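The next block holds one structure in the form of structure tokens; read it before the comments.
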Amino acid sequence: MTVKPLYRRVLLKASGEALMGEQHFGIDVSVVDRIAADIAEARGLGIEVGVVIGGGNIFRGVAVASKGGDRVTGDHMGMLATVINSLALRTSLHKIGVDAVVLSAIAMPELCESFSQRQADAYMNQGRVVIFAGGTGNPFFTTDSAAALRAAEIGADALFKGTQVDGVYSADPKKDPNATRFERISHAEVINRGLSIMDTAAIALARENNIPIIVYSIHEKGGFGDILRGGGRCTVVADD
């Protein structure tokens, strides 16, 4: 029996740190390949997929600012890190026969196309995976905010946030053994409780555009596909 997926079009946000695997820096190709396989599974279900990847495995602009450096320049460097990660994911997708394209918020035509909402929509309608690089193209905005923005622009039915844990918890489960996982929670409650799944601007933007956020563990092999079919372990952030 074929299970009909719950969504037509989704945006997947993966942190740059997730790409490190067990390393302390850079890209673990096996991890990128696994994420690519999860995306391929979603495409096999007929779901259109957009992707935003952070750059924290290579560079974080906010870290520069915390040490007295220039935040704007640091953020620009972080944007370049997201392009590196996006190209790595595109390569992994191409290896398994999935058509993918990188659209960057920063013009660099020798490496990838520049972002255009219309072009992104057209590519997704054609069944291509669209990887959005370069954040929003502006400093002081996180890649979480970029993910929420792109999700709104492409009309995504949901924003999937692949994290280090399998959902939203009342406290950090790595520090508090009594932390409990929410099955469902509203955007407003996430903000009011100060739960750090995404920055406040990203959550607010998703809320304003009625985009549910699905928080799950990106390290769970096949977890993305399980949730797309209506199963899996996750937290749904949505207003009733």
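Even glycines carry a Cβ here, placed using N, Cα and C.
According to Swiss-Prot, the features are:
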BINDING   LYS13, ALA14, SER15, GLY16, GLY56, ARG60, THR163, GLN164, TYR169, ASP172  ATP binding site
BINDING   GLY55, ASP75, THR136, GLY137, ASN138, PRO139, PHE140, PHE141, THR142, THR143  UMP binding site
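Under 8 Å, Cβ to Cβ, and six or more positions away along its own chain, PHE140 (UMP binding site) finds ARG71, VAL72, ASP75. Note on proximity: of the binding-site residues LYS13, SER15, THR163, TYR169, the one nearest GLY55 (UMP binding site) is SER15, by Cα distance. With respect to Cβ neighbours within 10 Å, the binding-site residues SER15, THR136, ASN138, THR142, THR163 differ, and ASN138 shows the lowest count. Shown in sequence order, GLY61, GLY78, MET79, GLY135, SER145, ALA146 are the same-chain residues outside GLY55, ASP75, THR136, GLY137, ASN138, PRO139, PHE140, PHE141, THR142, THR143 whose Cβ sits within 8 Å of the Cβ centre of the UMP site. Secondary structure at THR163 (ATP binding site), taken from DSSP and collapsed to helix, strand or coil, is strand. Around LYS13 (ATP binding site), the same-chain residues at least 6 positions away in sequence with a Cβ under 8 Å from its Cβ are VAL51, VAL52, ILE53, GLY54, THR143, ASP144, ALA147, LEU159, PHE160, LYS161, GLY162. In the structure shown, the C-beta of GLY55 has more C-beta neighbours within 10 angstroms than that of any other entry among the binding-site residues GLY55, GLY56. Sequence-distant neighbours of TYR169 (ATP binding site) (same chain, 6+ residues apart, CB-CB distance under 8 A): ALA179, THR180, ARG181, PHE182, LEU195.
Reduced to three states, the DSSP call for GLY55 (UMP binding site) is coil. Under the DSSP three-state reduction, LYS13 (ATP binding site) is assigned to strand. The Cα atom of SER15 (ATP binding site) lies nearest to that of THR142, taking the binding-site residues THR136, ASN138, THR142 as the candidates. Across the annotated binding residues for UMP (GLY55, ASP75, THR136, GLY137, ASN138, PRO139, PHE140, PHE141, THR142, THR143), the two most widely spaced Cα atoms sit 14 Å apart.
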